[in-house]
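Only one structure is covered here, and it is reproduced in the block below.
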Amino acid sequence: MINVMYKNSCPNCGGDISADRLLNGLPCETCLPYINGIDGIDHISKVKALYNILLDNDKIKNYWNLYYNITTFETVFKYFKDKTGYEPWSLQKLWLRRLVSNQSFTMSAPTGLGKTTTLMTYSVFIGQDVVYIVPTKSLMEQVCKRLEKLGAQVSCGKVDQRKVSVITISYLNKNADSITSYKPNFVAIDDADAVIKSGKTTDRLVSLLGIPNDVYESAIQLIRLRNKYYFSNEFTEEIKEKIRELELKIAEFKDKISQLVIASATIRPKGIKQKALRLLTGFEPSSIQLYARNIIDTYTDNLDLSIIKELGSGGLILVSKEYGRSRLNEIKKYVEDLGFNAKLAISGRKFLDDFSQGKVDILVGSASYYGVAVRGIDEPKRLKYVIYYGVPKIKAKLFDALSNPFTLLRVGKMIGVNFSELQNKILVLSPSEAQLLKFSIIKGETINYQKLEQLRQELLYYISLVKDKLKEIGEETLISDNFVIAKQNTNYYIIYPDMITYLQGSGRASRLYNGGLTLGFSIILVDDKHIFEILKKKMQKLFPNTNFTSLSNINLSEIKTKLEESRKEEGNRVHFNISTGLLIVESPTKAKTIAKMFSRPSVRVINKVPVYETIIVDGNQIYVLDVVASKGHIVDLTLEDIGYYGIKIEYSGIIKPYYDLIKKCLDCNKTFSIASDKCPYCGSTNVQTAQTTINLLRELALSVDKVFIASDPDTEGEKIAYDLASFLSPYNSNIYRITYHEITKKAILEALRNPMKINTNLVMSQIVRRIEDRWIGFTLSNLLKTKFNGHNHGAGRVQTPVLGWIVDKTIKYKSAMGYVVYIDIAGYPIKMHFSERKKMEEYINNLQVVKIEKIFEEKILLSPLPPFTTDTLLIEANMKYKLPANLVMKIAQDLFEAGLITYHRTDSTHISSVGIEIAKEYLQKQGLIKDFVPRSWESSEEGAHEAIRPTRAIDVNELIQEIEENPYKYSIRFSKLHFLIYDLIFRRFMASQMSHAVGTKSRYLIKLNKNDNINAELLSNAEGGFIKVYPVKVYNLPLGEVKPKVNTGKGSSEQLLSYSDVISLMKSKGIGRPSTYAKTIENLVRHGYIVSSKRKSYLIATNRGISAYQFLSSKFYDLVSEGTTAKLMSKLDDIALSKLSASTVLLEIFSEISTLVNPLKSEQNV
């Protein structure tokens, strides 16, 4: 039996505790030796029961904090119910938990979900030292009345620290000096846009929050330093130290400011003061999230507004911005002439009050994202339909827009400017580099960073080329898939559809009412067919079920009835189940990718860890999720002196591996797992600990309904999930494991629909592998260090046989050194080896011409290769591009985390029905559907891995086009190699789903001289089928006498091993796994045992490596031979399948090591 132990991790006393206890939500045995009667009770009751038992036994310590939080939550929930008359629902509970935990954050939910009610109830709960800020005086009066109704002592229109003070932004700005000494406990902002837009208002808010001016100025200085020096040649150690000082000063003060909660915002902070506030509060005001749409989207190809006569009262007309204010007035008059009361919705709130009271039938406003008509109307009962007078558009002067490198690239390619040299430089820009280039071009400033300054000069040159080309084109309107370029008067404009304004504006007609979403009706009066088609395409990408129907196909009478029915008290509305959760992934990139995939997430930074809040909609189920990265493993086997290298083996046969939190030294970048805040390698105290992540995850887990652990779908990922579940179980009992093999919306939704339990068999397999690695590695490394009197020695079961292969080939290569003649015949290489220079020279002198005869030829069928597995991808990338395995794995990891390919650690060639459909879609649009041959390649159990394939039907050119159109879509920084590897994966997969090709196999007799005849059987032609996307090498040799290309050099008759050779051997001999191919070679390089040749990436053993291997193989052959290693790998697989006992295998390994190693240790001379 294996009993996993965690060092210093008891939630009560901080002592050692077993995983079993943590998973059951219990303290350690020292705190509670015996426990009965709590099985089967809910989490809150369990916490209370355990608290009382600990208290009765005088053992209560840190568990008091958990009990306090739980009971405080209960208190505020009860208070909420007493005040409002109903239980807070899931999302309100999340907000209330955050509020009583003193967190600052944004409530990024649509109107109708109880944001204002929650904020008001919490304000009353606090009772005093509360400042509630609203944008207008009329709203202030409404809030005051509601607060008084809830029982608050209210100060309406001025600040009184003994009460709940409700004030306007205007009051804050005018009376800032009189309230400088006042620091409230809690500040609520109903609409943050006024603060975000105005630097002056930000100054006033900073003062109100109790942030000293010097700290505020430090935050501003920090942002300026980062902006100025990040890409500068002057980014010296002195500047870095100054940045560190400022960061420390801000961090020390963060917990001392007032709690700030923002109920809504529609824009993001851009000014330096607003960014400083974000830095100080730890969160960014985010736009209101779009939870779902319940809208009928329609269009008509004219600007006829007479449809109003049939739809009647309750409409909003949004006029495209280019028509100007005068057209709004004309439309208002037209509506009034039809017999309706109309009013302009341009500013203030009077128009909305009149509309709500039924005094106004139709509102007319501007189709502007920041306009009150688009974002300021919330009338679920009155507003039923929205008419867009003209397609909503964004229009900018083209020459100004060209300062954006990506816009320049797209426009230039559209009009035929050759960007081949510049394209790769632009595509690999980071967002901050692109921004810096953009602003330096606009301002005409140079960049104090040579690489970017050179690129700026190139961009200016290409801008001039684009301008000249446009002058040649003249008046013609240019249309692309994503924008239109038009000349109006003397200026060129670039025009895009304004999809966000369409979504926000049409969303005014579909609001939450009585727990459901009303039906809305949207009509676009199309004034530009090209822009409308682009809008349709973008909408369908974001909402695949979107379908714009021609108004001529709509029964308006039926629609009008449905709209009215939807607004009745018991009407037919779309209802939702909203639940809150914590989604834990391994990497920050993956967290960002998933969060961005479903919505525009809000971000809070807690203890330097970004927490993304995203909305995931799955039909009527809505998840409000905090997405956080664990950054891989949080624990590792302890380095403390416990048992045999951190593992105790008790007489009863129980094995206790002790795990400690992983810490990372930020100076030497090494990780360690001991209970010390000092790096054991370099002595630095600049150490980062996983405890920070665990504390944050516990805090977040306590606030949500469920926890979803989504670490990678392999044994390492399962162990990470097991550890996370252990640490979080005392704080939330609803913990689930979810897995996915690709980061796509469909895969994430499927995973959330099918939560699982942690697979303990996979966990045990990983534990055995890690313990075996620790025992073998530490034991042999220590012997190597003793033998060779040096550091940085290492050994392991897999590393040692691999080192042996490289050592063997290196020795043979060196012993067979001589001279080599390289002969090239029309691309076909021949290599001849000679032991002596003289013989080589004689051979060359006799080699004037080569005679070639074709002696046989036949037609053959060529079958496509299966899609890539980890080993075949590494082999192919090395053979084609000479890339080392660790670099290919890093790139594949990036592509996976960006959601572009399926999981890259796999030994399966299976392709799912989803993958087959992707191939069909791509081949269809490329006109290659006749070559489509669906293949699953191998059977696969449910949930098993797939081969490595793309997640969408876009090739590398389409991917590049996507990045040009939306450079910030993906959360990784692309390089040329990312495109190379993606292209390789994509084409190999597509080929695997295509028909056979027809090839010609030719046999040639190549006569080099009298004695050297070579029979070469070569593929001389290949065409059709999969060859169209994945060409193969062909040799079409000329016949007769040919003068060859000849080169000479020193060389060997023996071939060194390449990365691809080693990976092939690991696979064929059964000692490699998808997770170990690259790591094994990387470790051998790190220990200085092998080096890689620069030109051809051959692996060569060093003298150090040869000595280490000869010692290990002579003393421990039975421990590290490839046969023994292969058997162990097989046993690990059997443990994962529950065919073998993990503890039995570990005891065998321990016995094996003891038998071989202990006698050697006792020898005098190791």
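Glycine is no exception: its Cβ is also placed from the backbone N, Cα and C atoms.
Listed ranges 1-40, 241-280, 521-560, 1001-1040; the one Swiss-Prot annotates as zinc finger is 1-40. Residue ranges 298-325, 662-689, 1054-1081, 1138-1165 are listed, and Swiss-Prot annotates 662-689 among them as zinc finger.
Of the listed segments 190-193, 422-425, 442-445, Swiss-Prot assigns motif 'DEAD box' to 190-193. Residue environment of C668 (Zn(2+) 2 binding site) contains 13 other Cβ atoms, counted within 10 Å of its Cβ in all protein chains. The residues near the Zn(2+) 2 site, meaning same-chain residues not in C665, C668, C679, C682 whose C-beta sits within 8 angstroms of the mean position of the site's C-beta atoms, are L666, D667, N669, K670, P680, Y681, G683, S684, N686, V687, in sequence order. Y903 (active site, O-(5'-phospho-DNA)-tyrosine intermediate) counts 24 other C-beta atoms within 10 Å of its own C-beta, drawing on all protein chains shown. Between the binding-site residues Q92, T116, the minimum number of other C-beta atoms within 10 Å of a residue's C-beta occurs at T116. In space, Y903 is the closest of the recorded positions C665, C668, C679, Y903 to T116 (ATP binding site), judged by Cα positions. Separation of the C-alpha atoms of Q92 (ATP binding site) and C665 (Zn(2+) 2 binding site): 40 Å, rounded to the nearest whole number. A distance of 31 Å separates the Cα atom of C668 (Zn(2+) 2 binding site) from that of Y903 (active site, O-(5'-phospho-DNA)-tyrosine intermediate). On the 0 to 100 pLDDT scale, the zinc finger (1-40) averages 93 in the predicted structure.
G114 (ATP binding site) carries neither a helix nor a strand DSSP state and counts as coil. Remark: secondary structure over the zinc finger (662-689) totals 0 helix, 8 strand, 20 coil, with classes taken from DSSP. Taking Cα separation as the measure, G114 (ATP binding site) is nearest to Y903 of the recorded positions C665, C679, C682, Y903.
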